[in-house]
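Student: One structure follows; several queries about it will come next.
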Amino acid sequence: LPPPIPRSLAQPVTPDLLVSPSSQDGDLGSECPEDRGNWTGRLDFLLSCIGYCVGLGNVWRFPYRAYTNGGGAFLVPYFIMLAICGIPIFFMELSLGQFSSLGPLAVWKISPLFKGVGMGTILIVSLVAIYYNMIIAYVLFYLFASLTSDLPWQHCGNWWNTELCLDHHVIKGGNTTFPVNITNTVSPSEEYWSRYVLHIQGSSGIGDPGRIRWNLCLCLLLSWTIVYLCILKGVKSSGKVVYFTATFPYLILVMLLIRGVTLEGAWKGIRFYLTPQFDHLLSSKVWIEAALQIFYSLGVGFGGLLTFASYNTFHQNIYRDTFIVTLGNAITSILAGFAIFSVLGYMSQELGVPVNQVAKAGPGLAFVVYPQAMTMLPLSPFWSFLFFFMLLTLGLDSQFAFMETIVTAVTDEFPYYLRPKKASFSAVICIALFLMGLILTTEGGMYWLVLLDDYSAGFGLMVVVITTCLVVTRVYGMKRFCRDIHMMLGFKPGPYFRACWMVLSPATMMALLVYNIVKYQPSEYGSYRFPTWAEVLGILMGVLSCLMIPLGMVVAVLREEGTLWERVQQASRPAMDWGPSLEENRTGVYVASLAGSQSPKPLMVHMRKYGGITSYENTAIEVDREMEEEDEEESMM
């Protein structure tokens, strides 16, 4: 027999089965895996999602899409598409991330056969991150150029200007009886952008990149440095930065809006933006454009939402957060339209041309039209600085999400090796993407940027989202997915979400994909048409992300044993350790399925932790009872 233990040493010991992984350090208040990191405040997640979704597209794509597709009437298909494929897919992605506490690669434990979807996502996000940071570099360039008493794109007569340059001050101050033909002229801001910033005249096309523009290269280096410093400690650091980058753009947007609507001719632009043309609603193009705007604006399929949700506590109310972010994003887009078009209305009046001649989308709006409008205002450097600072903050938090997605995905795959060295690994990724982006800083860099923009996140991204939707609802099972959400949130998704996930969202995405393929148009930049080899390269970018799916299937099947059909069946089932990351949250089928699990019932952990049964334990008991009833029904059949 062992010797008796001295009374002084006989302390009450908590059995191992009552200690949850998160309470090993004595902190019973934590619900997240400590080694992975988590949000440090309730608002971190919400503001990160808002910052991620509200990006450059809200300012430079939505207003233009609205006015070209029926003005105010465009809001009808916009909100319908938001309800059909925006909100449901957004909620699905958040649910997957929060339930599993895994990144976009490891989350495919839900069905290892489809892990290639996660690989495709990472490839897409990496390509987007390369060129998105180049756009931030352009913004930084203009931001520094605005720190002057006289904006450099205000007048002609600089070394980069040509004889076609026509200053708007000349038009306004000239003799009104003398007609000025502006059709064959170029504004100073357009020549500043193309001939000075890009120095595009030094390149004959995409195959002739020319020399590196060192001022752009330094701006790109600065933008990568800013991004790295903000994601250095993962969500703990980026979660604090978004308190500024997600809220400050709204302050500037309101300032630009107030300044815009007080300008002469502003209502001309706003009327142009909002006048409803309901006949447009009969065109399928308008509905497709609305769905595309929702799809890209919310950032579904890029893995950012899933990554952010994976750092939440298990019972965070993502249902409420879904509606706050998606509706907030839509309202921001509409608000940005007023700020943009009020200034365009003033500009059209100043130049004496219709609004549709000055309205542009994309980089043309941000780096040509709006800067030109700024030169017409008193205190033009101040308004220019504000506008570009807003674009900087809008772009940065979207870039944080892209980088966090890549880093989280890979570190979750190799947690023992990479999690302790997350800062170093983040630095390696940033340096690699910076070096890949160097071609964008050349004189022909804009051609490469257009190619990346057109193809990196085109049909490949749609295939990823459609596959995710079908796997979760058909392979994993709608009933099982709804039960997981019930475990997590305390209620099951209603018929609206189930109908969208099963039919409406995938069908809408399929229609988008078919439309994109049928209406395919080769890339172009101004009057430049891309050569065939560049088109093929672009298409390969999109196809490569799709090919990851069958490649992942082959790898998953080869890892299993048995006949081919048995292997496919085994690989499509959830992995043994699929489910909530903490033992105390694992109920029903998830009980004791973690490696090294000792606990027969996580409910005991909960009772010790909270001193009784909470509403979530009631939910867990309900879920267990439902599953037992289903098992009994199946055994009777």
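Placement of Cβ uses the backbone N, Cα and C atoms for every residue, glycine included.
Keep in mind that what you see is a predicted model, and the values were worked out from it rather than measured.
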Student: Checking feature assignment: transmembrane segment per TrEMBL, candidates 213-234, 455-476. Which range matches?
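Tutor: So the range that TrEMBL calls transmembrane segment is 455-476.
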Student: For the transmembrane segment (75-96), which partner among 45-63, 117-144, 423-449, 496-518 gives the most CB pairs under 8 Å?
Tutor: 496-518
Student: If we skip the immediate neighbours and take only residues 6+ beyond the ends of the transmembrane segment (423-449), which ones have a Cβ under 8 Å from one of its Cβ atoms?
Tutor: 126, 129-131, 133-135, 137, 198-206, 208-213, 216-217, 220-221, 224, 227-228, 231-233, 403, 406-407, 410-411, 525, 528, 530, 534
Student: Return only the integer: C-alpha distance in Å from CYS156 (disulfide bond) to ASN329 (Na(+) binding site).
Tutor: 39
Student: Could you tally the C-beta atoms, other than its own, that fall within 10 angstroms of the C-beta of VAL54 (Na(+) binding site)?
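Tutor: Taking every protein chain into account, the count is 28.
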Student: Given LEU394 (Na(+) binding site) and CYS165 (disulfide bond), what distance in Å do their CA atoms have, once rounded to a whole number?
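Tutor: About 32 Å separates the two Cα atoms.
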Student: With CB pairs under 8 Å as the measure, which of the listed stretches 117-144, 290-311, 455-476 comes out on top against the transmembrane segment (382-402)?
Tutor: 117-144
Student: Including all protein chains displayed, how many Cβ atoms other than that of SER297 (Na(+) binding site) lie within 10 Å of its Cβ?
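Tutor: Around SER297 (Na(+) binding site), other Cβ atoms within 10 Å: 24.
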Student: Between the binding-site residues ASN58, LEU394, whose Cβ has more other Cβ atoms within 10 Å than any of the rest?
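Tutor: The residue with the densest Cβ neighbourhood is LEU394.
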